[in-house]
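Per TrEMBL, these features apply:
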type	residues	note
ACT_SITE	Glu118	active site, proton acceptor
ACT_SITE	Cys366	active site, S-methylcysteine intermediate
BINDING	Cys138, Cys142, Cys145	[4Fe-4S] cluster binding site
BINDING	Gly193, Glu194, Ser225, Ser247, Leu248, Asn249, Asn323	S-adenosyl-L-methionine binding site
COMPBIAS	1-15	compositional bias 'Low complexity'
DOMAIN	124-360	domain 'Radical SAM core'
REGION	1-31	region 'Disordered'
Amino acid sequence: MTPTEPASATVDTAAPPVPAPTPAATPRTEVSSLTLEGLTRFLTEQLGERAFRAGQLYRWLHQRGATSFDEMTDLSKALREKLKARAEIVPLVKDAEQRSVDGTIKYRWKTRDGRYIESVYMPSEDRKTLCVSTQVGCAMACTFCMTGTLGLKRNLTPGEIVAQVHAVNREVRRNESLETLRPLSNLVFMGMGEPLHNFENLKTALSILQSQDGPNFSHRHITVSTVGLVPMIERFGQETDVKLAISLNASTDEQRSKTMPVNRKWNIAALLDACRKFPLRQGRRITFEYVLLRDFNDSDEDAARLIQLLDGIPAKVNLIPYNENPGLGFQTTMDERAERFRELLCAGHVAAFIRQNRGRDIAGACGQLANRGGESPSETPQSPELP
């Protein structure tokens, strides 16, 4: 009782008023995931800035690979402070690096939510190629692939996809001499995840990567690989202009359904029908990837069936000696058998090549990306959630 209260006052036993909830913080916009058009809208509509500022910010993000707004010295301090409050640049933190005897480097990145992804850098005399991931884990559950044992954790944002390119270019600048210093020249979307299962984010990332105000990659130097999400192949052909690769890996539906669950929804006939309808630029071919599994899909009969399957499709075949993974139950085809398979395809007028496996000794080759030391295998692998 306060001194101003009458002695006879009764005590108010009613519950005190509930304070108004604190307004939730406005989520910050991930500007590294925006195209130039989207960034322009954000700056003009949300921050009240003039449109030309978007080009400045975009070039800092995607030509110089800036990782903080403080680096952007030609932006006013007021704008930089405004960006810090309302926007963010998606960080990828290097968690591990492994170097192969063949010069390949595998990077493991930690995302802001504590997930892990991997990218593989493959330098050669005439090109510098990066194998890019599009998802944390993968829902496709291919039985010969270590990434499939993880299950799908989540999609990567466009900014996280593009950030792999910027991060590796920074590593190249840091570690190479002036005589060999050249930025990445080629991108292959063959890392962790099924790219067409994250199509909208992939498409935005491709737009950024091909932008003249950004990294400016040519459509000729970007390849996207898919296990065969048939409806998305049509959209991919209509909405992008980069190269298509199909992970085929079998000459019969029985084989393919055993190793690639996606085939139970869209069989080989449906997949190849989509390939025949795919809009190809003049002189371009679809690449078919064929992982050779000993005594499973590497017989003369398999080669003969593959020739028939690809009839009428502008195609080339990349034969991939299987990179053995403990516990998955497959063995790699012997070198002599792989060469025999290639010769049979060529004799049947199918261009075929045996892919040089890069990074096998650091688990950085095809089918080996599994974040060893990072993500754990899924205890109950997810079934593919297909469009």
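Each residue's number is its place along the chain shown, starting with 1.
Just so you know, glycine gets a Cβ as well, placed from its N, Cα and C.
Everything TrEMBL records as a feature, shown here on the structure.
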residue : record                               : CB count, 10 Å
Glu118  : active site, proton acceptor         : 27
Cys138  : [4Fe-4S] cluster binding site        : 30
Cys145  : [4Fe-4S] cluster binding site        : 26
Gly193  : S-adenosyl-L-methionine binding site : 29
Glu194  : S-adenosyl-L-methionine binding site : 28
Ser225  : S-adenosyl-L-methionine binding site : 21
Ser247  : S-adenosyl-L-methionine binding site : 25
Leu248  : S-adenosyl-L-methionine binding site : 27
Asn249  : S-adenosyl-L-methionine binding site : 25
Asn323  : S-adenosyl-L-methionine binding site : 20
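Under the three-state DSSP scheme, Ser225 (S-adenosyl-L-methionine binding site) falls in the strand class. Within 10 Å of Cys145 ([4Fe-4S] cluster binding site), judged by CA to CA distance, lie the following recorded positions from the set Glu118, Glu194, Ser247, Asn323: Asn323.
For the pair Leu248 (S-adenosyl-L-methionine binding site) and Cys142 ([4Fe-4S] cluster binding site), the Cα-Cα distance reads 11 Å. Cβ neighbour count for Cys142 ([4Fe-4S] cluster binding site): 24 (other Cβ atoms within 10 Å of its Cβ, all protein chains included).
A separation of roughly 14 Å, to the nearest angstrom, links the Cα atoms of Asn323 (S-adenosyl-L-methionine binding site) and Cys142 ([4Fe-4S] cluster binding site). For the binding site of S-adenosyl-L-methionine, formed by Gly193, Glu194, Ser225, Ser247, Leu248, Asn249, Asn323 according to the record, the largest Cα to Cα distance is 19 Å, rounded to a whole number.
When Cα-Cα distances from Cys138 ([4Fe-4S] cluster binding site) are compared across the recorded positions Glu118, Glu194, Ser225, Ser247, Asn249, the shortest belongs to Glu194.
Ranking the binding-site residues Cys142, Gly193, Ser225, Asn249 by the distance of their Cα atoms from the Cα of the residue listed as 'active site, proton acceptor' places Gly193 first.
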